[in-house]
Amino acid sequence: MIDSKTVLLGLIGHPVEHSFSPIMHNAAINDLKINYVYLGFDISNENLKNVVNSAKTLSILGFNVTIPYKVEIMKYLDKIDDTAKFIGAVNTVKIENGEAVGYNTDGIGAKKSLEEEIGKFNNKNILMIGSGGSSRSISFELAKENEITIINRNIKNAKELSFEISKNLATKEYGEKYLKYGDLSTDISKFDIIINTTPVGMYPDVNSKPVIPLKNAKNDAIIMDIIYNPFEPVFLKEAKKYGLKTLNGLGMLIYQGAVSFEIWTGFKPDTNVMKNSIVNLLKS
């Protein structure tokens, strides 16, 4: 029951009406029987600068940050933890002793989701589609034990991210790795895992997909899309058409959310409860 002592958590982004985050976080809250509530806030770009001070004023404990503000939010924070600073993007903010502190849990969320599907992995050749905040966090996490190639419509952004990965995290000297879209017709067959980190195909633009020649992908490639609404984006439908194994963004959402939840509350949520809340919603 919400009362004057209820602690407020939330999600900021634009849009947010598609998000399952409130569903799964409130399910975890109810399961733990703690007096919290998690709400979604659709924030326009011009109002982003007011979010942090508003959270402090309203005694909001913390919030997730989603597309398109994971990078821009950083300039309004008081502190940023080393991992998020290294990545250059924030998806979790906690108000600690009057200061807004930024974290990033996306990378570990994506890794845990992949591990749930295929087990522990390393030395994989991975193609990352996109170079935004989500791509940065996932790339830096996976580059610790794998080889990452970036593809993006803006080749300059792809090159910059690839350079940062090569300079800071590569476990072996393989140099910068990035591609133009035109290169994929021949190069795509070398990738073990292909991950779409862009919002292309996300609700409400559900009929769009990245222009990637999946018909040329290797037979045992894993095709992941971090989108979870729709549950099966067009990109994954196409992958299935070619007999490829697919993974949507639900697992990543749950695992990154569980880490965020623990940062805010100190409680470890039951990820099965979080997952079932979304699965039951989709079934209904």
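Using the three backbone atoms N, Cα and C, a Cβ is placed for every residue, glycine included.
Binding of shikimate is annotated in Swiss-Prot for Ser19, Phe20, Ser21, Thr66, Asn91, Tyr228; the matching candidate from Asp3, Asp42, Asp106, Asp205 at the same site is Asp106.
Site annotation (Swiss-Prot): NADP(+) is bound by Asp82, Gly130, Ser131, Gly132, Gly133, Ser134, Ile226, and the candidate from Gly107, Gly249, Gly251 recorded at this site is Gly249. Neighbour density around each Cβ, counted as other Cβ atoms within 10 Å, peaks among the binding-site residues Ser21, Thr66 at Ser21. According to its DSSP assignment, Gly130 (NADP(+) binding site) is coil. Residue pair Ile226 (NADP(+) binding site) / Asp106 (shikimate binding site) shows a Cα separation of 10 Å. Using a 10 angstroms CA-CA radius around Asn91 (shikimate binding site), the recorded positions that qualify from Lys70, Ser134, Gly249 are Lys70, Ser134.
Counting every protein chain shown, the Cβ of Gly133 (NADP(+) binding site) has 26 other Cβ atoms within 10 Å.
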